[in-house]
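> Take a look at what TrEMBL says about it:
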type: DOMAIN; residues: A:8-84; note: domain 'GST N-terminal'
type: DOMAIN; residues: A:88-234; note: domain 'GST C-terminal'
2 protein chains.
Amino acid sequence: MARQLYDLCGIDDRLRFSPYCWRVKLALAHKGLDYETRPWHFTDKDAIGFSEQGKVPVFVDGEHTVVDSYEIFRYLDRAYPDNPLLGEGEAESRARFFKFYAERSLAPGMMRTIVMDLFNAVHPKDRDYFRETREKAMGRTLEEVHAPSTGLTLLDKALEPLRGRLSEAEFLDGDAPAGADYLIFGHFMWARTVSTADLVSNADPVYAWMERMLGLHGGLGRSATRIVDIEGAYGS
Amino acid sequence: MARQLYDLCGIDDRLRFSPYCWRVKLALAHKGLDYETRPWHFTDKDAIGFSEQGKVPVFVDGEHTVVDSYEIFRYLDRAYPDNPLLGEGEAESRARFFKFYAERSLAPGMMRTIVMDLFNAVHPKDRDYFRETREKAMGRTLEEVHAPSTGLTLLDKALEPLRGRLSEAEFLDGDAPAGADYLIFGHFMWARTVSTADLVSNADPVYAWMERMLGLHGGLGRSATRIVDIEGAYGS
């Protein structure tokens, strides 16, 4: 049985925007593993009931079902040890920090910038669910969260360590990309697929890294369907 | 010849507050290496002229002179391979990010909180130099930089990934501290030695980690002289 990844989709089945699913797709490409994606919507809880939780990514590899992007990275390193994503020992311990940096330093500024784009990208049947869960988590309405100028300022500050590191190396993991790069880049794919906002100036070392990341694995990121590729996506 | 570390001191020779020198002192303790410190002031350029640059830490180990805290970590791992600080490959690549995170995410919020404490802690003969170089680097006067409430808000945001990681592990490097922990903790020692500001609430996972870090290596951090230990330090 082919490997399967349940992958969040939006207003169109081709629009795949979950940062956590992007991590996994990049990781699978890094390992050179084939898989099929199963397009999934936020409210398709029954379809992943077998995973005993309600979120994607859900990765199925034969008898193994693995959830949570970081746990999937761990699983892939155990099951397919070539080309480590995280590695072991201190390499793995340090990789965990990048996960939190993406989710807690980068995501908030991105969210304030793209939240209404994101809402527009969500499948209509998921919008009530999306609004309700996100407003509860953030403690304010989506419209209140929406503040692109504030968001870009937050993001600019949050990018500082990334900028420093990428001034001295091609990738966070050195001469070639690995787990840390994918853990961060997932969030850039999230923003890229749903929004046309320019998050990073093209003179920024982070921009050059984004370009390198978009080109990896046969242009996996660059060729991803974006909201602008979908006819009628803007409320026609 | 004993190993020597040129170590920045302030208003009193016992007051050692450089975050970069703290990294190195923690790293030397981690390796179990003996050394002597040479108290140094910002304007004692001649004393380290042999290092062909003007900043500390300067570490002298027999025939080897090494400058820059991160380069000293690298040197220590090469010369004394037991108990790696940074390790190799992806572990080392990922460690570099912590250096930038400390310097570019944490330091700015700390600086806005403690800058006048820091100025007060600097040796009187160094104060003109300190003011001039820092004001030039920051593009505003020390008094304009001083904004503790803003600083603490910035720091609170910047601590988010650290908080996340330290909610799941005792140390950034896992069950035991290593290079990533020291690269970050140097800046907490910087603030602690010159200021009584509470940077982190005692309910924060970062606080519990700070307590663990202070207790390492025989309480090296906890026993360090602080500004409050120095009689007459507050402008008497």
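Backbone N, Cα and C define each Cβ position, glycine as well.
Curation plays no part in TrEMBL annotations; they are all automatic predictions.
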> How do the residues of the domain 'GST N-terminal' (A:8-84) split into helix, strand and coil according to DSSP?
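Here the numbers are 30 helix, 14 strand, 33 coil.
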> What is the three-state DSSP composition of the domain 'GST C-terminal' (A:88-234), stated as helix, strand and coil residue counts?
104 helix, 2 strand, 41 coil
> Need one number: mean pLDDT over the domain 'GST N-terminal' (A:8-84).
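Computed over the domain 'GST N-terminal' (A:8-84), the mean pLDDT is 98 on the 0 to 100 scale.
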